[in-house]
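Structure first, commentary second.
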Amino acid sequence: MGDEKLSRHTSLKRARSLSESIKGLFKPSGISGSNNAAAPSSRPGQDQAHSHQTARIITSNVSSPSISPVHSPVLQAAPKHHKLGVPNIAKLSLSPSREPSLNSENEMFSQESFISEKDEDEANLLEREDLQNKKEEKARAKHVRSKEAYVPHHRYTGGSDEVERQPRERLKNFPQNAGSSNPANSNANHVLDQENNFSIDAMLDYDEESKLRRRNSLGVRNHSNRTRSRKNSLSTPRSPPMKNGNDGMNSNATNNVGNGTGNRIYMRGRNQSDSISASSLPKFQEIECKCILDLGHFKVFENGYHEHSLRVLPIITNNKNVDSGDEKDADASVNSGDDGDNDSEANMHKQKSVFSLSGLFKSHKDGNQQQQQQQQQEENGEQINLEKAFSIIPSQRFIKSQTVKKSRTSNLKNGNNDELMKNDGKNIPQIVNPNAAVGAEELKLINALSEKIRKGLKSENTKGNNGEGRSNSNKQEDSDDTEGKAGTTNDDTSHKPCSQKYGKYIGVVGAGAYGVVKICARCKTAKDVLPYSTYSNGKKLFFAVKELKPKPGDQIDKFCTRLTSEFIIGHSLSHPHFEANAMIAGNVSRTTPPKHVFNAPNILKILDLMEYSNSFVEVMEFCASGDLYSLLTRNNISNESNNGSSRLIQTVKEGSGSPLHPLEADCFMKQLLNGVQYMHDHGIAHCDLKPENILFQPNGLLKICDFGTSSVFQTAWEKHVHFQSGAMGSEPYVAPEEFIRDAEYDPRLVDCWSCGIVYCTMVMGQYLWKIAIPEKDSLFKSFLSEIKDDGQFYLFEELRHVSSELNRLRKIALYRTFQVDPTKRITIEQLLQSSWMRKTKCCVVYRPLHTKVSK
């Protein structure tokens, strides 16, 4: 009896501690008042009632169907292999009439882990069910000693259906203060303890199984919490904080238990709608990258990237006709004899020296004299009238050209190699290189243009001033040539004059050997879709119009050949090709790329060729920042505002210029090499690369122009590259093998040498030498001797870069580029794959092309 009192006293202390913790975790509820109706008036009785209520809250909740088994506390059942069932170990372990079990620590852990997740309302119902279980245990206590199998009522141990189907009204007939010191319970617990100690192995297995169930239960609960959190909110950390803190969360859990929705006990955060608000999405923190180098036109940031901001030509920014949206103002600039045009014409003449377009025309000794003659012609009204210049390119020629190029490659793919294309009854050889820029359709166009040019020049010489009628007759011939063809319709803009197609004349930007270069501008229309074919200031599109006239004494055939070759090569390179699926023996092209995959960003677009009288007009893409020569020799004296103050740009001596920053020069070099490689892939070598033939857009996009002296080293009917002989281009950029008499050379290697000279000009601000002949140039002679004796050149060794590694890689590439023996010289493709170029960050992202030209 003393032992029973001591055990009861110990249980009361434990009940007080647990009841106090429950009172701190749960708020008082109105329902809880009804649970104390049958409680005794004595203080120990109340504590004992609380102790039993606490035990029931912790252990008996598994019998409630409203609680999900995933979130239920872990029950400490007997090992499965034992033949006797254990009625309720977790519940009996709190009884004062038994000794503490071996797993009491695990029981306390289970109780304290989940006690905060129960509700008082549910506890009242569970208390009544527990009283019913106590009564049933008394009735079955007699059968325990006979070792009859006891089947527990709850579902985890295969409970009886009769117990679970009993009406809830019968719970009222059972006393709520049933003591735990019942002799039947004491005997049952004694037998249970004896059976639990039946085997040490069984107890160890039971202990491990209990830990595993607890660990799995916690894992499933955490996983379900994360799943619910993702369903109700995009992410828990991103949800706005709750006003009531944890109180709101606990109240939600309490309400969910009371409503029988146990699956929502572990909700975190507030409920949200199915739609996601933009305010709940994570905001991208735009970190402004620090600029570590600012040269005005070139900026370098700390992440290694750079930005070009080249200055737009003053003829665009300062011209009133450009800013004005009235076409009458632009039209007034055409008639130079008007009184209101004197100031505009004077302004244009002052701006001519800003943009060097000598690359568009070959330099000659009488350039200044011809420019004066052109100005005199403009003053006398003898300049080409753009309103009477019409295109001599048949509108259906290029539509048919696209179809022929498509069929050309399809015939190769289908094995129709024996089919020969015919042109006006003449057989054309078999196509073996569909990637070539010059093919059957280009050949037909060359023949047609040559015939028209010759006819126009001869008729002008014989008829005198009847050029206007001849131009109109050509227009009628082109119209008759395209009419009546099946599946073709006349384009609305094909026979419009130059002023209607490309706008009004606004000024002159340069002069050359065969004429001048003017700028035309027109307002944008709905048909102009991005990307534009030329420069735009947002309101208007600008076009460069190159006027070509034969010089006195020039042969017609020579002028005709230059004009047609320049236009055909430029037009073919600057427009998309359609031979995409060609499969050639030993040379696999690409596999179904987009049709415009061949369109190169570094090739100046040639748009149209027009004619008026004995003059011709080539319409091109306009580059608003001028050429590389103008960039290197930018303005001898100029004032630029810098935060309200003016700074004077250093005066540049004649023959030298301001070198570019190494990173800027590297970017331009990479663009130049990609453009030249694109030409080589299509069987064309430029043969006259120099700063005057390299144009720029304000964002730093490089454009290669002037294809008048370009060499077609491989056509569509040639399998191998054919060499050429004779010096071509400007002397400072000509390779040494070109000066060898009667010697043939590879034009692709000549372009590589010229690219190296152009790069050295960018970083040095001057030429390496005037001519690559040792007898005529002492600097080139010293270069040869130093390379032969020391294996290095002092100018290359004095070059500096932003890092020693880049400087070392650049020197290696330069020495390989300036190999006097062309057989040892690096190619453009190899130079692009060098470590120097791979480490160079370029503004243009290039799609890798795998087209190759047969060697």
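Counting begins at 1 with the first residue displayed.
Using N, Cα and C of the backbone, Cβ positions are placed for all residues, glycine too.
Residues or ranges marked as active site, proton acceptor in Swiss-Prot: ASP688. The feature ATP binding site is assigned by Swiss-Prot to VAL509, GLY510, ALA511, GLY512, ALA513, TYR514, GLY515, VAL516, VAL517, LYS546. Marked as compositional bias 'Polar residues' by Swiss-Prot: 31-45, 94-114, 462-474. As annotated by Swiss-Prot, compositional bias 'Low complexity' applies to 57-74, 248-258. Annotated compositional bias 'Basic and acidic residues' per Swiss-Prot: 125-139, in sequence order. According to Swiss-Prot, the feature domain 'Protein kinase' maps to 503-837. The phosphoserine annotation in Swiss-Prot covers SER17, SER19, SER68, SER72, SER160, SER277, SER324, SER333, SER336, SER358, SER391, SER395 (among others). Annotated region 'Disordered' per Swiss-Prot: 1-166, 214-261, 319-347, 401-427, 457-497, in sequence order.
Overlay of Swiss-Prot annotations on the structure.
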{"residue": "SER391", "record": "phosphoserine", "DSSP class": "strand"}
{"residue": "VAL509", "record": "ATP binding site", "DSSP class": "strand"}
{"residue": "GLY515", "record": "ATP binding site", "DSSP class": "coil"}
{"residue": "ASP688", "record": "active site, proton acceptor", "DSSP class": "coil"}
Exercise. Where SER391 (phosphoserine) and VAL517 (ATP binding site) are concerned, what is their Cα separation in Å, rounded?
Worked result: 18
Problem set entry | Helix, strand and coil totals (DSSP H, G, I; E, B; other) for the compositional bias 'Basic and acidic residues' (125-139) | 15 helix, 0 strand, 0 coil
Exercise. Cα of ALA511 (ATP binding site) to Cα of the residue listed as 'active site, proton acceptor': how many Å, rounded?
Worked result: 18
Exercise. Could you tell me the C-alpha distance between GLY515 (ATP binding site) and ASP688 (active site, proton acceptor) in angstrom, no decimals?
Worked result: 19
Exercise. Do you know offhand how many angstrom separate ASP688 (active site, proton acceptor) and VAL517 (ATP binding site) by C-alpha?
Worked result: 19
Exercise. In this predicted model, what is the average pLDDT of the domain 'Protein kinase' (503-837)?
Worked result: 84
Problem set entry | C-beta crowding around SER391 (phosphoserine), within 10 angstroms | 23
